[in-house]
Amino acid sequence: MFQPWGIEKDLFYAALYSLFQTGPWLQFYYLLSIAVTVVFTFFLLRKDYGLYRAAGAGFIATFFNFYAIAKYPQHVGYAILHWTILSFFADFLIVKRVVMRQHVSLRLILLRVCLLVLSLGQDLGYVAGYALTSFTVSILYIIALNIHRYLIKKEVKIKKILRLQLLSYKRDFFTHPKTSLILLAITAIASYIYLPLVLQIGKAAKSLSDTGDFYGAWWTNPARLIIPFFPFLNPGQNYANFFLDSTEAFFDGSPGWFLLIIGTVGLWQARKHIGIFVPLLIILLLCLLYHPTFLPTLKIFPWFSFNRVSGRSTLVYAVIFCIFALGINLEHWRSFGKKFLAVALVLLACTELYTAYSYKAYYQPAALNENFYAYMNYIKEQPGEAVLDFPFCVHGGNGIGPCPYYVYNSGIFTLRRFHEKKVMGQYFGRLHPSQAEPYIAAGWDKLLAPDTQKKTSIPQVKCFRSDEWSFFTDFYKLNDFAGINLYTDLLTKDCTQEFYGRFGVPTMVTEAPTGGRIEFIPKSANWRLQVNSDLGANLKFQPLLDSSETNLLQNSAPYSLNLTGLEGITKDEQQNKFRWGLGEKTELTFYLSVPQDLVLTYSFDNPISPQDVIVEIDGIQIERIAPIKVGDRIQRQLKFQGIAGQNTITFKYQNRSSFFDVLQYAMKHENLEIKPLPLEAQYGNWKSRRSIRFRQLSIQTVKEDRS
């Protein structure tokens, strides 16, 4: 599956990299994107709106899109919007002509089809999705309008209309054959390149099941639309407590007052022709109301299946309000009023431009260490298909994956572009639990665990026990690694020395903007002879169940248990401990060396509307508790025999809760700060709804009766 689903950007970079090696190719691509947006918007609107409005629209839709500007460079895929912005303008012109009963030229139709295909080269999860949404809503609106005109009101026979349109398009083609053929050629080439890849991505993405944990999400309150960009008041400041939301980044939901005012004024003045704006108003409403979990308006479109950040709809607010503003007409205003409004708008625009862009003034790109390239080239020349980064990071933006040092090492996988070796780590915008499962099953979450006993400014890896060293050594020895990239800032000095003693001293040292100090330890020649990738790929580190740590209301993260769908330990107003079971299920996985008699003890409250709870052990249903009413307390103690190897205890929740059910319960039964899903919102984990409150949860061995 391609990552990060921006085909055009990746092809652009790959082409220039293959020709000239490392260079500022993404910076060039970004500048080209801005130039294409400004220039093509001007040419697209010039005929309908004149030179000045067309030029102004190109400038405003590009440089007043503060949200997209702020996304560069860390989220460059969302800063690249050229085909999507042009798609919105083209759709508007087509709808306008249809509503006003004007001729829609063949060139405009071919251009729109071309833009539709080209937009597939942009980020598929969001950017291309908005272009597809604009096209779909506009087409449906045009179809509905024509049905009303020609089938219900029967203004003209449909056959006559079709015949006249075909003749008109034939004349258009022969009047502008070169333009038509160029657009057709671009469409054909882009379709040949993009469509197979898009279909492959879509098929692969669809194969991933819809689970609660997959959809960690962020919600932006639509009221943020009214926040201005002033030095003392702007969306870059933290208003989460006021708006009760969980935004992902700067400027979520806020286009600024300048766009809001000119768009509203333009829309009001063109109210007699409001029909030309209906598709845009529908799209704006769908975006404003969108909540990834509880009001997923945008998910009526299949391309938004993975849309987990409602604030990213801000990407298209600038172009929508810019189109509304095209209808502004100040001809009927008095001279003084016209001048006053013009001066006020210019001052407002300048203030908001200054405020928004001042955030970028503080951005300082990290400088590479002077021997960085020498270090990477040294690794590139070493035998071995991969390099073992330690500690590495596997993580998704939705909170899935083992990565305790996310702030410090989430980007180290990108260094492979320099040393060209395979790596263990990866960052995905949306990581499905099944994609992280091989790492968890192999026990890497245990080996990456931080040392909680030592309080340091940077968290450090807990140095290995003897059985952990044994697994790590075998894994390194059997797999085809060129060596170890040791990130010593994340290791204690003693642990670093232990690595030297076991694997050799480093032969190269450098520092990277992500990860800090890196030391490369090459694999010994003797160990290269012992490589057996089949054995290495199947190695697993599986600590055995330790019943002394399995009271999950006392121990938040026991070493010998893997936990999913279970929130951290919390206290209620009486200081009693509890843990939320989250999403669709809670799973407890552990290993035994031999069959063993065990006792599962649990009790929980049901805080929401009636639901069922199913308890399974190793896939076999042990109990179904149904229906459980709001406020019910369930308590059980189940004896079972654990099997040698992997054991899994599952609590499945069949709940019909909504955000409002959970919030109402929190307000009524707990002295919690009034925030939507208080703990979850901090991590953007909206989809993992709170299902039950565990008051007891433990696994113990059955004590033998010696009487």
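Glycine too: its Cβ is placed from the backbone N, Cα and C atoms.
Long-range contacts of the transmembrane segment (28-45) within the same chain, counting only residues at least 6 positions beyond its ends with a Cβ under 8 Å from a Cβ of the stretch, are 9, 12-13, 16, 53-55, 57-59, 61-62, 72-73, 76, 79-82, 85-86, 89-90, 93, 111, 326. According to TrEMBL, the transmembrane segment annotation covers 28-45 (among others).
Outside the transmembrane segment (52-70) by six or more residues, the chain places 34, 37-46, 78-79, 81, 85, 89, 229, 249-252, 254-256, 258-259, 311, 314-315, 317-319, 322-323, 325-326, 349, 352-353, 356-357, 359-360 with a CB less than 8 A from a CB of the stretch. Per TrEMBL, transmembrane segment is recorded for 52-70 (among others).
Sequence annotations record features per position, and here TrEMBL assigns transmembrane segment to 76-95 (among others). When Cβ-Cβ distances below 8 Å are used as the criterion, the transmembrane segment (76-95) is approached by residues 4-6, 9, 26, 29-30, 33-34, 36-37, 40-41, 44-45, 48, 57, 61-62, 65, 68-69, 104, 108-109, 111-112, 115-116, 118-119, 121-123, 126-128, 130-131, 134-135, 138, 141-142, 276, 278-280, 312, 315-316, 319-320, 323 of the same chain, each at least six residues removed from its ends.
Long-range neighbours of the transmembrane segment (104-121) within the same chain, counting only residues 6 or more positions beyond its ends whose Cβ lies under 8 Å from a Cβ of the stretch, are 6-9, 11, 44, 83-84, 86-87, 90-91, 93-94, 97-98, 127-128, 131-132, 135, 168-169, 172-173, 176, 179-180, 183-184, 186-187, 190-191, 193-195, 198. Residues or ranges marked as transmembrane segment in TrEMBL: 104-121 (among others).
Remote same-chain residues near the transmembrane segment (127-152) are listed as 6, 77-78, 80-81, 83-84, 87-88, 91-92, 94-95, 98-99, 112, 115-116, 119-121, 158, 161, 275, 278-279, 282-283, 286, 298, 301, 303-304, 307, 313, 315-316 (criterion: CB distance under 8 Å, separation of at least six residues from the stretch ends). For 127-152 (among others), the entry in TrEMBL reads transmembrane segment.
Per TrEMBL, the feature transmembrane segment maps to 173-195 (among others). Listed by sequence, the residues of this chain that lie at least six past the ends of the transmembrane segment (173-195) yet keep a Cβ under 8 A from its Cβ atoms are 7, 11, 106-107, 110-111, 113-114, 117-118, 120-121.
Long-range Cβ contacts of the transmembrane segment (249-268) within its own chain (Cβ-Cβ under 8 Å, at least 6 residues beyond either end) map to 60, 64, 66-67, 70-71, 75, 218, 220-222, 224-229, 234-236, 274, 277, 310-314, 317-318, 320-328, 345, 348-349, 352, 356, 359. Per TrEMBL, the feature transmembrane segment maps to 249-268 (among others).
If you look up TrEMBL, you'll see 275-295 (among others) marked as transmembrane segment. Within its own chain, the transmembrane segment (275-295) is flanked in space by residues 88, 91-92, 95-96, 99-100, 130, 133-134, 137-138, 141, 145, 215, 217-219, 222, 225, 267, 307-310, 313, 316-317, 320, 323-324, 658-660, 686-687, 689, which lie at least six positions past its ends and keep a Cβ under 8 Å from the stretch.
Per TrEMBL, transmembrane segment is recorded for 315-333 (among others).
Summarising the annotation, TrEMBL assigns transmembrane segment to 340-359 (among others).
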